[in-house]
Structure formats: C-alpha cells, structure tokens
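Record features (TrEMBL):
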{"type": "BINDING", "residues": "Lys4, Arg5, Tyr6, Ile7, Arg8, Arg134, Leu135, Gly136, Phe137, Gly138, Gly139, Gly140, Phe141, Tyr142", "note": "ATP binding site"}
{"type": "BINDING", "residues": "Ile50, Glu55", "note": "substrate binding site"}
Amino acid sequence: MNSKRYIRNQVKEALDSLTDEQYRQASQQIADHLIASSDWKASNVVALTISRGREVNTNQIIQLAWEQGKRVAVPRADFIEKTMTFYEIKNFAELEEGDYGLREPVPNICPIVPFDELDLIIVPGLAFDKDGGRLGFGGGFYDRFLPKVKVKTIALAFSCQLVPLVPTEEHDQKVDDIICPTGFVR
Ligand SMILES: Nc1ncnc2c1ncn2[C@@H]1O[C@H](COP(=O)(O)OP(=O)(O)OP(=O)(O)O)[C@@H](O)[C@H]1O
Ligand SMILES: [Mg+2]
C-alpha cells in the first residue's frame, strides 16, 4: 500500500534526525510514564521487543522490570510461518542476533512463555494515530499475533511517530494506549 510506504519513509526520516540527546531524553520520559502507569504496576509478565536504532529505548524498561520482579518475554520471529514465539529472558546475555539483525532470545536456554501468561504487551511500531491505528515494520507479525491475545497493548512513540491518520487495512490491529514523551496520548 503506497500511503503506508510514504508514512514509513516520512517517519523514518524524522527519527533519523533526532539527536542522541533528544533520543535519550525522550526515551527516558516515555519510560517514566509507562512505569508510573497502573497497567505496568499491575502486570507480572511483560512482553517487549529489544529496541534498536531510533526505536524508543526498551533496555532501561526491561532492566527495571527485572528489578521490580516482573518476568520479561521477548519474541522470536519465524519469517517463514510469519509467527512469533515469546521466551522469557533473565538477562541480556540470553539474546543472540537472529534474522534481519534482530536481537532475539536463545531458544535453547530460555523457556517459552505461552501467550496466555502475558499480561501486558508493549507493541513496537513506526507510526501511530490517536485512534490507536498502528503502522508496523511491514511483516504483519503483530497483526497476526494480537488477535490471539486479549491483554492490554501499549505503544511507545516519539512525538514524530504520532501522525494524524495511519492508513489501515482490514488486518491491521490497533493498540489500546500510546505513550509519548508528554504522557499518554490515548
Ligand atoms: N492476519 C493476517 N493474516 C494474513 N496476512 C496478514 C495478516 N496481517 C497482516 N498480513 C499481511 O502481512 C503483510 C504486512 O502487513 P502490514 O503492512 O500491516 O505490516 P505491519 O503492521 O507493518 O507489520 P507488523 O505487524 O509486523 O508490525 C501484508 O501483506 C498483510 O496482508
Ligand atoms: Mg499492519
């Protein structure tokens, strides 16, 4: 879909122009809002991806989850089946470089976390709108996975990732909440 590609390019450009300081500060502000939220406090098993490039930094969030006694589940993607399996990681050494340079859990040492054990999902994505519309990275992984779980979904987004309207197709799944540096915007 062309309009999806257009927004992906626009947002990627805006993200690339963030300075290191802006990236650090905004990531910290977003993490602070998440950690103060009632959904975070109420959750024991949190699903997250390992951020890279100009994605909102999830490393500090994961570290804090461990310190607070939460379990952290990270997906491993199967690019043939287009599915994800979540594994519990207890430290960052349990990650390896998977397909497409993603940092993913090592399956032999990490236990699988069944979908029904997840109680909060931090959903990655490139762009979002205030209606919860979401533009991912183009694999359809979360669009396939989210209908299988019925738990709270939260997206973390820099201000430039919040766009007036994300073009969506029937298969696209919305997120429940969105946290920007200024706080919850949805
Ligand atoms: N539930 C589904 N069943 C079958 N195909 C799907 C489903 N969801 C998405 N797809 C297909 O996956 C491809 C990518 O979808 P889309 O552009 O929405 O990805 P995305 O939302 O950016 O990805 P992701 O969910 O991994 O972040 C499209 O070709 C779409 O048709
Ligand atoms: Mg989609």
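Cβ coordinates come from backbone N, Cα and C, glycine included.
These numbers come from a predicted model, not from an experiment.
On the structure: features taken from TrEMBL.
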{"residue": "Lys4", "record": "ATP binding site", "CB count, 10 Å": "18"}
{"residue": "Tyr6", "record": "ATP binding site", "CB count, 10 Å": "11"}
{"residue": "Arg8", "record": "ATP binding site", "CB count, 10 Å": "16"}
{"residue": "Ile50", "record": "substrate binding site", "CB count, 10 Å": "19"}
{"residue": "Glu55", "record": "substrate binding site", "CB count, 10 Å": "20"}
{"residue": "Leu135", "record": "ATP binding site", "CB count, 10 Å": "23"}
{"residue": "Phe137", "record": "ATP binding site", "CB count, 10 Å": "13"}
{"residue": "Gly139", "record": "ATP binding site", "CB count, 10 Å": "13"}
{"residue": "Phe141", "record": "ATP binding site", "CB count, 10 Å": "19"}
Span of Lys4, Arg5, Tyr6, Ile7, Arg8, Arg134, Leu135, Gly136, Phe137, Gly138, Gly139, Gly140, Phe141, Tyr142 around ATP - largest C-alpha separation, Å: 20
Entries of Tyr6, Phe137, Gly139 (binding-site residues) sitting next to ligand 1, with Cβ under 6 Å as the cut-off: Phe137, Gly139
